[in-house]
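Asker: Below, the features straight out of TrEMBL:
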type: REGION; residues: 1-44; note: region 'Disordered'
type: COMPBIAS; residues: 14-27; note: compositional bias 'Polar residues'
type: DOMAIN; residues: 156-293; note: domain 'Nrap protein'
type: DOMAIN; residues: 298-437; note: domain 'Nrap protein'
type: DOMAIN; residues: 443-592; note: domain 'Nrap protein'
type: DOMAIN; residues: 614-797; note: domain 'Nrap protein'
type: DOMAIN; residues: 799-956; note: domain 'Nrap protein'
type: DOMAIN; residues: 959-1088; note: domain 'Nrap protein'
Amino acid sequence: MTDGDDDERRPAERTSSATTSRPSNTVRDARRKSDTKAQSGATAFASGTFKSNVFKLQVDELLGQIRPRHGQREAAAEAALHKVKKTVEQIPSRGPHLINEAERGLFKEKVAVPFPEPRPPKDAKYKFSYAKPANVNVVGSFALETSSRLRDMVEIDMVVAMPPSIFEDKDYLNYRYYYKRAYYLACIAAGLQAAHKAEFKISFKLLHNDPLKPVLAVTPLETSAAAAQWTVNIIPCVGQSQFAAAKLHPQKNCIRSADAISDESSATPFYNSSLRADMLTSAYLKLVHSASKRCEGFKDACLLGSIWLRQRGFASSLDAGGFGNFEWASLLALCLQGGAPNGKSLLSDGYSSYQLFKATLQLIAMKDFVGNPLVIGSSSDSVSVPAQPVVWDVETSHNLLYKLGEWSYRTLRYEARSTLAALGDQSHDGFDVTFIMRVHEPLYRYDYVVQLPRKLLSAESRTSTHEGQSHIGKLYTILKQGLGDRVNHLSITSDVSESWPLGSTQPNDKVTRLVTVGLMVNSDNVKRTVDHGPSAENKSDAAAFRRFWGEKAELRRFKDGSILESLIWASPQESGQPVLEQIVRYLLGHHFGAVTTDDLVLSGDGFARLVKAGSDIAPFSTIVSRYNQFEQDIRGLSVPLSIRQIMPADTQLCYSSIRAPLSGTGRPIPADVTIQFEGSGRWPDELAAIQRTKIAFLLMIDKMLQDSVDSVTTRVGLENEGRDVLNQGFLDVTYDNDATFRLRIYHDREQSLSKTQMKNKTADPKTRELAKVGLAKYRCDYEKAPAQTQAIMRLCTRFSALSGSIRLTKKWFASHLLSNHISDELIELVVIRTFTQPAPWTTPSSVQTGFLRTISWLSRWDWRAEPLVVDLSASGELKQAGINAIRTNFEAWRKLDPAMNRVALFAASNLDPEGTTWTDGRPLKVIAGRMTVLAKAACVEVSEKQLDLQPASLFSSPLTDFDFVLHLSPDVSFVGKAKRSSGKFKNLELSSLDDTKLIGFDPVRELVVELENIYGSAILFFYGGQERNVIAGLWSPVTARRAWKVNLAYSTVPVKGKDDEEDVQASINKRAILAEIATLAGDLVQKVEVVQK
């Protein structure tokens, strides 16, 4: 039965109500029975109760939206079904004929018999005939009302039972059944074509992509209308007693050569089970129908299962895993009958739909059907199929999972475990990741994706198809063995076979179809360049190793004296390819023949290459080493007060700066560091005096460092001029032009003094506002930034892909000119969420998945209604009580600022439950909206291009979105950028680099800050740092023409009113403002471009 699974594989845009709208607060009547009738065997899976009342409401609302209903599509499909059924029952008998005569007769009617490969021999003695069907029935999810109405296509499966008279006892052998089945189907095709050629489109296609089973697909001629989105599948089958079940046991051989002595020489489990499935169509229809009548929650459990499978790309088709709606419903029905010890059932009829759904997932995740088959019914026979999962139905002598290869089954179990983990997480809502999100797209799902033509996997263009995907199985075995512990999970899928016209033979699509391999890598091992094999003393293992690896294997002696078979791979720098790609290319070439560059597409390293200087933490080793030296040097000074702690507070020191720190190739960017001394009563008790005392301390440390440390350059600098209650000074310490550290003093008394000044009602408003600003900056610079820096340092050493993912995401924001709106710390939190809350996936192990999943989440984040909550401990320190407190803070902010003029994004963590440290004042609501739009556009690009995606395309957006663009001079020197040769004398360039006064000076950034201060009320500026050499601007809507008034915050000119010529209005003087900006920028700006729209 098709159950419409092939249709469910199509990527679905989230436009339907079930995937975009949130469940309402309407609670449906409870439809669940008491569990008092549950049998004892079901207790192992009885934990599937709802995690919360909200979750129950969401599930109920989803079920209400996906339950099938009778609409225009269904009515049109049923009308066609009745016509087709009537015609099939009236088709006249044919034959019996020998093969040549049988084909010739149909060829005259422009119908080619869709024989599977290998075709029947021309001198075959058996005959082909057509007789009236024994019966015609509708089966599948449409008949059982277990298919979601959200599917793009309504599919109805009409089973035509072939009469026993056309078969012989031995027809189960050597494809004879499949040949006669194909002829019978061609006769039906001829009859339908003669009767309905002008009304329907009739074509052949493969049932579940099984090359042995062509079926007829009847569709409307015109498919543009919504009511025309339907297909009627005509599926030939035979009765359950047509062939003895024992003859079709998976361990039997049903394809025998002429000289075969025994039918046990080589088992043909797929061939046998595929034929057996044709015999059991009615039996499984009755099984599922009986379960739906007996168990009230059964149909809804099947609907939940169908949604879960659809979102993960599973379907009954071989190319989609071989586990779809039919397998889910049948497995569920069988577990309601038995499977537990002593003949008890695994599941109870009294379970609710959600309990049945979760229990089925638990069964899939917890029990390995490959090594430990699930047997439903009483039987003493042992049933096993090598490297294949087995759910053995004793009553029907059938393996329900015969279409699942080991690779698909491992993926199914992986998804079940991931879903159960999400559902078991009490701190986060698991509804969306279980039922709403589409998680099957390979670039989000896998760290590396390999795509190759199917033709490479078989030496001959046409081979025997009796064992389905044996070539895929060989590929899986070779890659699994060859990649070893470099890969945690390996999945293989292939393209869907296309339908073909009635007058054509079944196409050989191995040339055009592609095979896609998804790899989830082990980040600790994936880059390893030396593999150790067996010892040379172990002759048999060493010989097997050499057979598998061929000329790549070599014998080596290691430092510990051992002599081992080994594999040596080139470093990525030497070969231009990651180690993983080298291995995959070698394995395919060695075991499947020559593999050229054009044959293989590998995605996974392209995004990492966009991260300058390398995507791991290695580029930061110099500055981290210098920081350790700097800390030792500071602690070695004889300062009057004991040092309590020295804390890094900079992205460079937690491996997350957008560009790696320079090493002797330009002026380094100062890395912020805070120092806190032990408490002392000698500190002044006034904010301004404290700031002057801190400067005195810095001057003293400056002199001590110069006296005691060689190769160090120091300079005391001033900041926050005119605001004497804020921090006034810092100390820059530079080591051999490798690294500069900007030291500030953290004194905890400042916080209480700022609070007191804020509450002092006798103080003037300006003083109180300055105290408020000072308190916020104090918390940011001395409490939140150091704490987050240290947390990210730990996380980057724990998650190897985190550093590169953060840096690439910052590059994405900068490339879209959002650097001056979205803070680095906020971006860090967004990316860390991807790693600490990875559901529905597992933790990313590559920059590709870390970055793309982050962008995907940004595209879905409803920041108006949901806060960003991150556990920076990644170990569960943020408990439910903490999350509730954060949500309370978020709701309070939304009530205080409903228009989101001050706080648009709310980003909290276990270290910062207030949630506004990095978002208070910016980004503005319009910038947050732009972030969402850009993220959605990126996700559309990923979905459309798939493996053809060029990573760099996600990092560009048109400048035509803006009103004007300031093109910066190419000679502008960004802070920290390695300066290219300018044609000046070398000694002048070196003296410029050695000028400590210019350390940390970024003229373009200072220009943007000044422009925002002067023109911020009229213009919204966009800037991307070193990623784009422009500053863009948008005129604010408040600058629209308005009634004339004096003292507007921007330059205007008087103009006549539109309706009344005597009415004078104020119009913004854009030309004058842009001229002022050009004058202010001076040589920094090369050209001012006004975008014409």
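Residue numbers in this text run from 1 along the chain shown.
Note: Cβ is positioned from N, Cα and C throughout, glycine not excepted.
Model, not experiment: these values are computed from the prediction.
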Asker: What does DSSP give as the helix, strand and coil breakdown of the domain 'Nrap protein' (298-437)?
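Answerer: Split into helix, strand and coil, the domain 'Nrap protein' (298-437) gives 70 helix, 14 strand, 56 coil.
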Asker: Using DSSP, what's the helix, strand and coil tally for the domain 'Nrap protein' (156-293)?
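Answerer: The composition, in the requested order, is 62 helix, 28 strand, 48 coil.
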Asker: Take the domain 'Nrap protein' (156-293) and average the pLDDT across it for me.
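Answerer: Mean model confidence (pLDDT) across the domain 'Nrap protein' (156-293) is 89.
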Asker: For the domain 'Nrap protein' (443-592), jot down how many residues DSSP puts in helix, in strand and in coil.
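Answerer: The composition, in the requested order, is 56 helix, 40 strand, 54 coil.
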